[in-house]
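Pulled from Swiss-Prot, these are the features on record:
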- 5-67: domain 'TRAM' (DOMAIN)
- C80, C86, C89, C168: [4Fe-4S] cluster binding site (BINDING)
- Q276, F305, N310, E326, D353, D374: S-adenosyl-L-methionine binding site (BINDING)
- C400: active site, nucleophile (ACT_SITE)
Amino acid sequence: MARTRNRFDRTPFQTAITDLSHDGRGVARRDGEGGKVTFISGALPGELVRAEPTARSRHFDEAKTVEVLEASPQRVAPRCPHFGVCAGCVLQHLEESQQIVAKQRVLMDNLERIGHVTPQAVLPALSGDNWGYRRKGRFSVRRVEKKAKTLVGFRELDPRFVADLSVCYTVIPQIGENIPLLAALVEGMDGKRDIPQIEFIAGDDAVALTIRHMQPLSARDQQAWIAFAQEHGFAIFLQPGGVDSVHPLWPQEVPLSFRLPQWDVDLAFRPLDFIQVNASLNQKMIVHALALLDAKPDDRVLDLFCGLGNFTLPLARVVREVVGVEGDAGLVARAKDNAQRNGLDNAQFYAADLTQDQRNAAWMRQGFDKLLLDPPRSGALEVLQQLPLKTFERIVYVSCHPGSLARDAGYLVNEQGFTLVSAGAMDMFPHTAHVESIAVFERR
């Protein structure tokens with residue numbers, strides 16, 4: 001939808017906040033604007049604020065809080081000095097216990113409004129570490145000529161700009177406390193203008209940085225990164241092109257993996273692989289999902305969008321057989337290796353694009369008792385429409401987007417005869433508006 005940012009009245013106005021939007025902004029309806037909705041960053045339900053308009057569109061306006069006139073009792077002082085500028089977090093001003101309450105509300109609203117379904121029971125919200133939890137992410141890097149400095153950080157709320165971060169409390173401390181050193185290192189490079197991003201990922205025993213560079217690094221620049229890695233305990237990878245171009249700079253062998261001790265499983269991964277960002281929540285989520293699936297020793301389970309085997313390999317410790325299917329062939333190769341490394345011969349893996357026709361695939365024709373799926377933000381409707389759903393006793397759906405979960409839940413309940421037994425939010429990304437959730441369906 002087209003938005004106007006320049007030619008409108010930016011005079012601050014006073015308004016009451018009635019709700020919290022799905023992206024963490026306060027919601028107001030302005031009487032002088034005919035009840036038109038305005039989304040206001042930095043505002044909480046129950047507050048009276050002065051806000052400055054930032055954008056207008058036909059159906060809603062946008063604004064930012066400039067003064068809180070009457071504060072919510074749930075408002076707290078943000079821990080981060082960059083809150084309100086950096087887009088990495090949008091909820092630090094809301095009491096931690098209330099953040100997950102808000103996410104539960106977003107989930108239930110989506111299920112009812114989009115899917116036209118209501119769970120028989122609301123699952124207790126699941127939480128893990130709230131600070132220093134983020135073990136995977138991507139920083140933007142930008143040389144600002146006017147300031148004669150390099151910025152390393154997440155995007156600002158205005159995504160045209162990179163936040164100038166001195167610290168980040170949501171990423172693991174080894175990363176969050178060293179952002180200024182990263183910026184200074186890039187600023188001192190010969191190729192300082194050729195680094196658009198730095199990715200980080202942490203295993204249990206190593207933390208890796210992947211440096212995206214548009215031109216070959218000079219020998220001097222490479223040595224600077226090696227010295228930084230040796231001093232601060234990082235592994236450095238270089239990425240001159242696409243994903244396949246990633247290779248180690250120092251050291252040459254990097255043991256990237258994380259353990260799931262409850263199932264005696266160790267999962268190895270590569271620097272750009274997908275892993276769940278919150279290690280403590282991930283372990284709780286796996287316990288939760290397997291319990292909700294009611295996995296039994298004689299079960300055959302299908303695990304769709306299985307990735308490295310995050311759910312598949314723990315399931316293999318519990319059930320007779322599990323089949324994991326994933327669209328990324330590299331992840332499938334790592335999942336197979338992980339099964340072998342962990343001595344699991346009852347886990348099979350297939351590479352398949354689950355947005356395309358898979359009705360003749362070998363794995364599709366096998367019989368299964370239960371289904372677990374953890375799709376991307378786009379959801380799983382395409383593959384759900386192909387599966388022999390009536391053969392599954394129970395489905396556990398792990399979701400990273402409540403809208404696509406709600407759509408798919410509507411299909412399962414209203415068109416395929418399943419019951420939505422329960423659903424609940426999981427706080428994978430505390431202090432952000434991201435809603436992770438889990439839902440359980442049973443065949444009627």
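Heads up, residue numbers simply count up from 1 along the chain you see.
Every residue gets a Cβ built from N, Cα and C, even glycine.
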How many other Cβ atoms are found within 10 Å of the Cβ atom of D374 (S-adenosyl-L-methionine binding site), counting all protein chains shown?
-> 22
Take the C-alpha atoms of D374 (S-adenosyl-L-methionine binding site) and C400 (active site, nucleophile) and report the distance between them in angstrom, rounded.
-> 8
What's the CA-CA gap between C400 (active site, nucleophile) and C89 ([4Fe-4S] cluster binding site) in angstrom, rounded?
-> 17
Which ones, of the binding-site residues Q276, F305, N310, have a Cα no more than 10 Å from the Cα of C86 ([4Fe-4S] cluster binding site)?
-> none
Lowest 10 Å Cβ neighbour count of the binding-site residues Q276, N310 is held by Q276
Specify the count of other C-beta atoms within 10 Å of the C-beta of C168 ([4Fe-4S] cluster binding site).
-> 25
Assigned element (helix, strand, coil) containing C86 ([4Fe-4S] cluster binding site), judged by DSSP | strand
Within 10 Å of the Cβ of C86 ([4Fe-4S] cluster binding site), how many other Cβ atoms are there?
-> 23
Where does E326 (S-adenosyl-L-methionine binding site) sit by DSSP, helix, strand or coil?
-> strand
Other CB atoms, at most 10 A from the CB of C400 (active site, nucleophile) = 20
